[in-house]
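See below for the structure under consideration.
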Amino acid sequence: MAASVMMKLALLILSITSHQVLAAHHQHTINVQSLLSSEMCSSAPAAPAAGSTLQIVRRLCLQTGNNKTVSDHYTAILHRDHHRVRSIHRHLAGSQSTITIPARLGLPFHSLEYVVTIGIGTPPQNFTVLFDTGSDLTWVQCAPCGDSCHAQEEPLFDPKNSNTYANIQCDAPECHIRGGGEPNSCGSGFTCAYTVQYGDNSQTFGNLAKETITLSPLAPPATGVVFGCSDKTTGLLRDESVAGLLGLGRGDSSILSQTRRTNDGGVVFSYCLPPRGSSAGYLVIGDDAPQPSNLTFTPLKTDNPRLSSVYAVDLSSISVNGAAVPIPASAFSEGTVIDSGTVITHMPRAAYLPLRDEFRRHMGDYTMLPEGSVGALDTCYDVTGLDVVTAPRVAFEFGGGARMDVDASGILYVIGALGEAVACLAFLPMDSVGLVIIGNMQQRAHKVVFDVAGGRVGFGPGGCS
């Protein structure tokens, strides 16, 4: 009798211990200070030495001279994110008016968060530019420009100092919109004048030209690339300190599409976005970079023509602490966009509310703030004075068996000011049916591979730290 009781007690203890070990395995222990100190910046290299490799840093690290508070910074990020997501919706719904530009209508320029350095011309002149998987045309500000251009850190690109610069004429094939068939306006000297308007109504104007672009001193430069030589910017572009933009979209004027036409159709690019400002990530353009064995791939969507200009895949489920969240399949029916410019992942309410409720259930040990305390973020906790926070793990499951386990830095959006700290669930609902946008915060620390020619996207953990 006593032996039987002892055996049952031992089994009960073993069961409880097993559950505790399993729970610990599924949870993140997050250092609050490490996320609060993510504004610290570093230029330490963190890239594989292969392919056309560029170092990625957060653009906040370029803005050391501004007087914005931490609260202002986070408010601005959420504001920019809101406009970008709305622009993605309008673009995919086809409600934007068509304008004559050599690239599709862009997304809000001011929402972009990560920068790289590229060389333009021969010999190369180096420039810090934002990069965006949601825009096509690569452009930089050019001399002479005067007051029409915004202030930037580096000198303007001077075509006169390049041996390979060549303006594009109005009657050239490159001076036509993909699918539109209408030529752009003619500038002075019969050159092809372009206008790109982004979703936040900021604009860049200038001439189209062909030039040599150097992505890495270790790789051959790309020659004859069509790019924009900007002589005027308006709107939020006037507040920028970067020289321009590197377009990595899927349109004809993207540097990727141009490279594909000269490389027998083979285009692969990958990046790892750093989880903190104190670390650096990388962008690799080229298929010669080694791929880690832990990559899992999912096909690019081909059944929805409206998604042909973005990198969209099928999301099949979301799990919290290893258990699938009960989300109706219709919440993912339109597709899931992998976007480098959106910060926080947005999803339909039919997906967000079950995810939020399950997350809250695992955060019962912390004091939740009233909804509305931190703007649109409705699941926030007071973590003032805490060294660490234990939060559940979140994972995306994609078609074809691909999986992305969200890094700890992509689950909680930690805001600190005046001795206080607040940690919020880093996901947001949006008024859409079936469309999900996975932002850069949830992609952090992963290697994300875009095998454009192969029609697939891959994910691998531990790409950078």
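Cβ coordinates are placed from backbone N, Cα and C, and glycine is handled just like the others.
Predicted, not measured: the structure shown is a model, and the values here were computed from it.
If you look up TrEMBL, you'll see Asp132, Asp339 marked as active site. Per TrEMBL, the feature domain 'Peptidase A1' maps to 114-460. Taken from TrEMBL, the feature signal peptide covers 1-23.
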Item checked: C-alpha spacing of Asp132 (active site) relative to Asp339 (active site), in angstrom -> 8
Notebook entry, point to check: What is the number of other Cβ atoms found within 10 Å of the Cβ of Asp339 (active site)?
Noted result: 25
Checklist line | Three-state secondary structure, Asp339 (active site) (per DSSP) | finding: coil
Notebook entry, point to check: How many other Cβ atoms are found within 10 Å of the Cβ atom of Asp132 (active site), counting all protein chains shown?
Noted result: 25
Next item on the list: Summarise the model's confidence over the domain 'Peptidase A1' (114-460) as a mean pLDDT value.
Entry: 86
